Amino acid sequence: MGSVSVENIPTKVLTNSPSGEVKVPVIGMGSAPDFTCKKDTKEAIIEAIKQGYRHFDTAAAYGSEQALGEALKEAIHLGLVTRQDLFVTSKLWVTENHPHLVLPALRKSLQTLQLDYLDLYLIHWPLTSQPGKFSFPIPVEDLLPFDVKGVWESMEESLKLGLTKAIGVSNFSVKKLQSLLDVATILPAVNQVEMNLAWQQKKLREFCNANGIVLTAFSPLRKGASRGPNEVMENDLLKEIADAHGKSIAQISLRWLYEQGITFVPKSYDKGRMNQNLQIFDWALTKEDHLKIDQIKQSRLIAGPTKPNLNDLWDDEI
């Protein structure tokens, strides 16, 4: 297994960050809540840093901020990295998605992560619920109107205070992004959404490109739900493409995202797969590969965080 030097992991500039100079490594390591064991999380993150990962994605709702913070602190102490080498993202949960709660929530995340600042802070969902206890899924009766203008002003304030270097959103449709752009002084740098070969989000990609918004794909290998077969990892067409290149389906999937200008945060804590996911930068898909990938049947995997699901969360966009 070859290792990838940090210099070989490309970065994308977050053009909507105020300095215009914030750079995000195109591949990051996700730490969503299916990893509940803090020890496993910590060990995996240290291993990832040794392999060359510098971009780490977490959220207040994931319960992984503490383990990530401990791992990063240890890695810095061991001399593996400096804080400046790292790119750390966290997210504002719906119970704190209120203008007056944004800064306290961000400060709490920083405290849990044992960091002085984030590189990127995202609004986790375009939803607001009653402040207070965390519950998932979110009961629909707890939802309140989302004050996008007021919340975004607080997000902009967090930038001015130096608590984060960039701000953005997650799970926003084109329609919801447009509503935000209409009231924003500083535009969102990132929109993190479900994106993979079976949910390619062409309309959203075009809108974000036109507005300087970098897309980050979560579930880039379509893992994270147990509904039937995995339409990416168990796809015969993708197996053919992978075999022709001598690569894995995961590598084909991530390479496609990279060639679209997308950043991505796969969640693998397996040492071999972590390494494999980095081996995507020294080869390319062919025009024929792209034409085949364009034919894959499209369907959304993640319906939303509420119970029951909301009809207008995604604004029926494909």
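Every residue, even glycine, has its Cβ placed from backbone N, Cα and C.
TrEMBL does not curate its annotations; it predicts them automatically.
Feature annotations, reproduced from TrEMBL:
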- TYR62: active site, proton donor (ACT_SITE)
- HIS124: substrate binding site (BINDING)
- 35-296: domain 'NADP-dependent oxidoreductase' (DOMAIN)
- LYS91: site 'Lowers pKa of active site Tyr' (SITE)
Inset, instruction - Find, for the listed recorded positions LYS91, HIS124, the residue with the lowest Cβ contact count at a 10 Å cut-off, counting only other Cβ atoms. - result: HIS124
Inset, instruction - Would you mind giving the whole-number mean pLDDT across the domain 'NADP-dependent oxidoreductase' (35-296)? - result: 95
Inset, instruction - Taking only the Cα atoms, work out how far LYS91 (site 'Lowers pKa of active site Tyr') lies from TYR62 (active site, proton donor), in Å, as a whole number. - result: 9
Inset, instruction - Work out how many Å separate the residue listed as 'substrate binding site' and TYR62 (active site, proton donor) at their Cα atoms, rounded off. - result: 11
